[in-house]
Amino acid sequence: YVTFFIALATILSNIVLVSVFVFRSSRTSTTIVLTSLAISDSIICLTRLPGAIYFNMAGNYKNLYITYPWCIATHVLYVIYQVFRMTSNWLTALLGVQRLVAIALPFKHGKLINSRASCVEIAVIVAVSVLLNLYEALGIFISELPIYKTWYYNETLPSSCTRDISQGLVSAFGDPTKSKTLFLIFSGLLYRVLPVLILIFTTVMLVYFLYKRKNIRTSNTEEKKKKIQRMTVLIFLILVVFLIAEIQDGIAYFIYAAELSQDKNRQILSKEDDIRWDTISSMLSLINYACNFWIFFLMSQQFRLALLDIFKSGFRKAHIYFNLDESDEESVSNTRNTSLTSKNEKSTFV
């Protein structure tokens, strides 16, 4: 239930966030990355909703097996989840790097980071995420498994499924166990460890530069200086929330890597501990996706004013629309009354 409501609230709040950035904000490299991050986070939450509704809220986790359509659906949703979680990780890392460059190199920032470069970087991140997860998307072959009620094979239940390594993967990479181990190590480094290390570095450096430049006078006006500082604090909070949610995922990766390297499966983390860790990790990630909107809402007066302006314009348009409907109805009724009066006048004349 918690997963469902957090995911749904995150999707709705990110729709509002994107609408503010698109319709009421100047198009900068930061807003482009933040918009892409909100869209990516929303897609992640969308992949969590079907499972939360079908398995948990509807109680189908009590069934003895998963039906074949849900085997396919679960695999597709898992691959989409992996693609966009990697995308969100790298978009957050990109956000941290951009803000660090803006603070460390204020005069060269405009040349190094601009809207066009940000769009290219986002496209590269999405493309690499898709290509990396093709191994898992196409490497699993899911076949239908009939389930019979009796030994006579005449009464069937809904089919289940079996998951095997696809022959195409075996012919392309050889030993599936070795290729899977290499994939887990490479994808884990690229997807979990490297973005977290980049963010730890950028977060520490942001704190350093903010402290260093706190009392330094610059050529910027006081208002512009405060605006830059507020945006930096906002980005800093987003990075810290992300690190709290994702750093334990990096720790889990090192535990899995240690188990694989020593060929000691489930020696460090038991199956029960692994499930518990994964549950906590998923919940922290969901909370992280939900936090971005509230960070902007609570800390940015400009964001609140833009949000209020959107709601006001929406109410204004709705009011005009309903008034037009009422005026149309009135004009139709007036036309009918006029036609009736003219008919009466004609009959009297005759």
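In case you wondered, yes, glycine gets a Cβ from its N, Cα and C as well.
Automatic, uncurated: that is what TrEMBL annotation is.
Quick caveat, the model's predicted, so the values are computed rather than measured.
Feature annotations, courtesy of TrEMBL:
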DOMAIN    13-296  domain 'G-protein coupled receptors family 1 profile'
TRANSMEM  6-23  transmembrane segment
TRANSMEM  64-84  transmembrane segment
TRANSMEM  90-107  transmembrane segment
TRANSMEM  119-142  transmembrane segment
TRANSMEM  189-211  transmembrane segment
TRANSMEM  232-256  transmembrane segment
TRANSMEM  286-307  transmembrane segment
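A Cβ distance under 8 Å defines the sequence-distant neighbours of the transmembrane segment (286-307), meaning residues of its chain 6+ beyond its ends; these are 3, 6-7, 9-10, 13-14, 16-17, 20, 24-25, 34, 37-38, 41-42, 44-45, 48, 88, 230, 233-234, 237-238, 241-242, 244-246. Long-range contacts of the transmembrane segment (90-107) within the same chain, counting only residues at least 6 positions beyond its ends with a Cβ under 8 Å from a Cβ of the stretch, are 29-30, 33-34, 36-37, 40, 113, 118, 121-122, 125, 129, 194-195, 198-199, 202-203, 205-206, 209-210, 213, 228, 231-232, 235-236, 238-239, 242. Same-chain neighbours of the transmembrane segment (189-211): 82, 85-86, 89-90, 92-93, 96-97, 99-100, 103-104, 132, 229, 232-233, 235-236, 239-240, 242-243, 246-247, 249-250, 253-254, counting only residues six or more beyond its ends whose CB sits under 8 Å from a CB of the stretch. When Cβ-Cβ distances below 8 Å are used as the criterion, the transmembrane segment (232-256) is approached by residues 30, 89, 92, 95-96, 99, 102-103, 184, 188, 192-193, 195-196, 199-200, 202-203, 206-207, 210, 268-269, 277, 280-281, 284-285, 287-288, 291-292, 295-296, 299-300 of the same chain, each at least six residues removed from its ends.
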